[in-house]
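S.K.: Sharing a structure below in C-alpha cells format, with a few things to ask.
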Amino acid sequence: MTPKPTGPPDGGWGWVVAAAGFAVNGLSYGVLRSLGLAFPDFAEYFDRNAQETAWVSALALAVQQAASPVGSALSTRWGARPVVMVGGVLTSLGFVFSAFAHSLLHLYLGLGVLAGSGWALVFAPALGTVSRYFSRRRVLAVGLALMGNGASSLLLAPALQLLLDNFGWRGALLLLGAVTLHLTPCGALLRPLALPGDPLALPRSPLAALGLGLFRRPAFLVLTLGTALVGVGYFIPYVHLAPHALDRGLGGYGAALVVAAAAVGDIGARLPCGWLADQGWVPLPRLLTIFGALTGLGLLAVGLVPVVGNEDSWGGPLLAAAGVYGLSAGSFAPLTFCVLPELVGIGNVVQATGLVMLLLSLGGLLGPPLSGFLKDETGDFTASFLMCGSFVLSGSFIYLGLPKASRPGTPPPEMGELLPVPQVALLSPGDPHSTLDTTC
C-alpha cells in the first residue's frame, strides 16, 4: 500500500492565489470592458467609424484568447509565476505605446497585439492555478477570482471617463499602463503546487504542451463548440454597451453608470452562484446551460430598450436591463471554467483553460466588428445586441449535450467527476478473495 495522495488544500495560501486571480481578472477583462468609453474619442481623433475603432478591442480579445494556449503551455513548462509576471510587463508596454499613437494602426498594434499578448500570458495560468488550489470549494474560489472583472469595471468606468475628460485619451492610456503593470506582483503570488493528478513528465513536444489531445474527449468537444458560439455575443457588451447607452440618449456619465450597473450585477452574482454550485443540488453542466440562456435573454433585453428622452435622464430601463445581464453573465462565467476539472481532470485544467480561451477568441474576433458593422448599417446598436443575444442562446443550447455530473465535492480531487475512478485490487493475507479499494 502507498500513502493516500494529498489533494488541493482547499484554503490556506489558496485564498491568496484567489485574491491574485481577482486582481488579474480585473486588470485584464475589467480594463477591456471599460475601454469602450474611449472609442468615441478614438473615432473623432482619427476620423474613423464605429466598425474600424471596434477592431482595437476585437484584436485585443482575439489575441488574448487565441494565444491563451501558449500561456498555458509556457505555464506547464516554466510555472505560472514567471509567465504571469512577464505578461504584466507586456500589457503595460502595450498601453504606454498606444498613448503615443499617431494612427489607428498604432492602436491595433499597441492595445490589440502587444497588450493582448500580455493578457494571454496572465489569464489562463492564473485561473488554472486557482482551480488547482481548490476542490470542494472550487466554484466559490473561481467565482471570487472572476469577481475582479465586475469590480474593476465598477471602479474603472467612472474613473476612465474622468481621466478622458481631464487628460484626454492619451493621458488616460498612459495611466492605464501604470495600473496594468500591477499584474507583475500578482504573478509573484502564484506559488507552485504539486498535485497527485499531475503528469509524471513534462510534455515532449509543443503540441503536447498545448493539450490538443483533449479535443478527442467528446464532452470537452461539446463544451468548446458551445463556448465558441457564446463568445460571438458574450464580449460585445464589453465594447459596445457604453456606446449603446450614448446612442440611446444618455450622457457620458450616464453611460458609465450603465456599465457600472452591469458590473454590480456581475459582482453580486459570482459568490452566490459559486456557493449554489458547490452545494451539488444541480449538476454543473445544467447550471451552465441555464445561466448561459439567461445571459442571452438579458442581452436581448438590452438591445430592445427604448430611446431615453434627454442626456440628464438616468435611463432606468437600460440600467435595469444591464443589471439583469450582469447578474446572468456573472453567474455564467465561473461555471464555464469550473466544469473543466470534471471533464479533463485537475492535471489538465490549465491546458483546458487555454484551449477554451482559444475557442472564445473566434467569437471575440468576429463579434465586435460585426456589431459595429450592424450599427453603421442600421444607425444604432439594436440589431447588434439582438444578434449577440441570439449567439449566446445558441451556444447555451449546445451545452445540453454535456453529460450530467455528480455532487461536485465527492470525487477524489486529482480526478474529474466525469472521469473513471481507478479501482485497485487488494489481497488480504487471510482471505483468498480480492476487495476493491479506491483510496490508494
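Cβ atoms here come from the backbone N, Cα and C positions, even for glycine.
Nobody curates TrEMBL annotations by hand; they come from automatic prediction.
Below are the features I grabbed from TrEMBL:
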TRANSMEM  12-32  transmembrane segment
DOMAIN    14-407  domain 'Major facilitator superfamily (MFS) profile'
TRANSMEM  83-101  transmembrane segment
TRANSMEM  107-127  transmembrane segment
TRANSMEM  139-160  transmembrane segment
TRANSMEM  220-241  transmembrane segment
TRANSMEM  253-275  transmembrane segment
TRANSMEM  287-308  transmembrane segment
TRANSMEM  314-340  transmembrane segment
TRANSMEM  352-371  transmembrane segment
TRANSMEM  383-402  transmembrane segment
S.K.: Sort out the residues at least 6 away from either end of the transmembrane segment (83-101), same chain, that have Cβ-Cβ distances under 8 Å to it, and list them.
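M.R.: The answer is 24, 27-28, 71, 74-75, 107, 109-111, 113-122, 125-126, 170-171, 173-174, 176-178, 180-188, 190.
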S.K.: Give the nonlocal contacts of the transmembrane segment (139-160) in its own chain as ranges (CB under 8 Å, at least six residues past its ends).
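M.R.: The answer is 14-15, 18-19, 21-27, 29-31, 33-35, 37-38, 126-127, 130-131, 133, 172, 176, 242, 253, 256-257, 259-260, 262-267, 270-271, 273-275, 277-278, 284, 326, 330, 333-335, 337-338, 408.
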S.K.: Can at least 3 Cβ pairs under 8 A be found between the transmembrane segment (383-402) and the transmembrane segment (12-32), with each pair 6 or more apart in sequence?
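M.R.: With fewer than 3 qualifying Cβ pairs, these stretches do not touch.
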S.K.: So what's near the transmembrane segment (287-308) in sequence-distant terms, Cβ-Cβ under 8 Å and 6+ beyond its ends?
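M.R.: Counting only partners 6 or more residues beyond its ends, the transmembrane segment (287-308) has Cβ contacts under 8 Å with 226, 230, 233-234, 236-237, 241, 244, 248-250, 254, 273, 276-277, 315, 317-318, 321-322, 324-329, 331-332, 335-336, 339, 381-386, 388-393, 395-397, 399-400, 402.
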S.K.: Mind checking which residues reach the transmembrane segment (253-275)? Cβ under 8 Å, same chain, six or more beyond either end.
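M.R.: Residues packing against the transmembrane segment (253-275) from afar: 33-34, 36-37, 137, 139-144, 146-147, 149-154, 157-158, 160-161, 237, 241-243, 245-246, 287, 291, 308, 311, 313-315, 318-320, 322-331, 333-335.
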S.K.: If we skip the immediate neighbours and take only residues 6+ beyond the ends of the transmembrane segment (314-340), which ones have a Cβ under 8 Å from one of its Cβ atoms?
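M.R.: Non-local partners: 127, 131, 138-139, 142-143, 146-147, 149-150, 223, 227, 234, 237, 241, 245, 248-250, 254, 257-259, 261-270, 272-274, 277, 284-285, 287-288, 291-292, 294-295, 297-299, 301-302, 304-306, 308, 349, 352-353, 356, 402, 405.
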